[in-house]
Amino acid sequence: MQRLAPALRDDDVPLDLISLIKTILAATKEISFRVSQAQLGGLMGSTLDENIQGEIQKKLDVVANELFKDIVLESGFVKAISSEEEDTSVAGDENGKFLVSFDPLDGSSNIDINSLIGTIFSIHEAIPEMAADSPDQFKQAGHKQVCAGYVLYGPSTMLVMTTGKGTHFYVLDRTHGGYLLVERNVQVPKDTREFAINMSNQRFWEAPMQNYIADLVAGDAGPRGEYFNMRWIAAMVGDIHRVLSRGGIFTYPADNKNPDKPYKLRLMYEANPMSFLIEQAGGLAMTSKGRIMDIAPTDIHQRVEVIMGSANEVEKCLSYYK
Ligand code: F6P
Ligand code: MN
């Protein structure tokens, strides 16, 4: 097992980016501790406030957001941050070289049931000509990310990260307080017989997704001729971690449950960082129309359709849209 910084240096990650990553990870260690003590510290349940997405914020969402934001902005490495829990981007250091987008606590509905949650982050290079307080500087495609990752607050606190040279797993070692590399160059198997989708939305999906899932559910009696298993953790970090660990297809497709909101997951701090991790592990990360990381963002909070995971299964799903 190797410590974080030497592992990053082996991948030729520039020193200023390593410093930013270490700062982000300091924030996640603090969040990990607060998460573990949430019930004892009176941090379960909701606030009375809504975030910009119209969702009621959990107390722990707010704590995680404040911790992450303050620690990262104070570092001096960052020109601005944008977060699921902030209305717009927040300026940092005018000379900061990086932009950080994050979901401080993904899977909020799992907080109060002591189930999987995690922090997702995405790093882009700052654009020198743009002002630190301009949200427009975040409108960069996912393929321009220089680093993406998540920290999963599970039985182990685990970091999964890429800087564009493979996707690696690390575990927080509480005895020395740092993250240790436990698996280098994780590979998502090309084929799978496991799918993840919120089946309760079935009647609201478009016809191609209805047909694809119907064929999976039909199992060995259907056209695929094989039994498919279903898993749904209701936290993207948890579902993507399973896909990275043993394969699978994860999708949150378009639906017409609420015509004003056809998609659920956010591009900048959910879909893009997970796409970078999945692609670096040999998987595919798509919408029904193309590659997620090629989308030119129009808004820091925009939502997107997501179909990602084992390459052959993602291709199979997309074939229903042709
Ligand atoms: O952040 C949105 C999110 O919580 C994801 O982590 C998760 O995959 C999804 O929403 C769960 O959606 P649903 O509530 O439909 O199960
Ligand atoms: Mn989320």
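First residue shown is number 1, and so on along the chain.
Cβ coordinates come from backbone N, Cα and C, glycine included.
Some features that TrEMBL has for this protein:
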DOMAIN    16-183  domain 'Fructose-1-6-bisphosphatase class I N-terminal'
BINDING   Glu84, Asp103, Leu105  Mg(2+) 1 binding site
BINDING   Asp103, Asp106, Glu270  Mg(2+) 2 binding site
BINDING   Asp106, Gly107, Ser108, Ser109, Asn198, Lys264  substrate binding site
DOMAIN    188-321  domain 'Fructose-1-6-bisphosphatase class 1 C-terminal'
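A map of TrEMBL features onto the structure.
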residue : record                 : DSSP class
Glu84   : Mg(2+) 1 binding site  : coil
Asp103  : Mg(2+) 1 binding site  : strand
Ser108  : substrate binding site : helix
Asn198  : substrate binding site : coil
Lys264  : substrate binding site : coil
Glu270  : Mg(2+) 2 binding site  : helix
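Taking Cβ-Cβ distances under 8 Å and a sequence gap of 6 or more within the same chain, the neighbours of Ser109 (substrate binding site) are Ala234, Ala235. For ligand 1, the neighbouring binding-site residues among Glu84, Leu105, Asp106, Asn198 are Asp106, Asn198, by Cβ distance under 6 Å. Checking the binding-site residues Asp103, Ser108, Asn198 against ligand 2 with a 6 Å cutoff on the Cβ atom leaves Asp103, in sequence order.
By the criterion of other Cβ atoms within 10 Å of the residue's own Cβ, the least surrounded of the binding-site residues Asp103, Leu105, Lys264, Glu270 is Lys264. Residues belonging to the domain 'Fructose-1-6-bisphosphatase class 1 C-terminal' (188-321) score a mean pLDDT of 98 in the model. Between the binding-site residues Glu84, Asp106, the minimum number of other C-beta atoms within 10 Å of a residue's C-beta occurs at Glu84. Distance noted between the C-alpha atoms of Asp106 (Mg(2+) 2 binding site) and Asn198 (substrate binding site) is 16 Å.
Of all the binding-site residues given, namely Asp103, Leu105, Gly107, Ser108, Asn198, those whose Cα is no farther than the 10 Å limit from the Cα of Glu270 (Mg(2+) 2 binding site) are Asp103.
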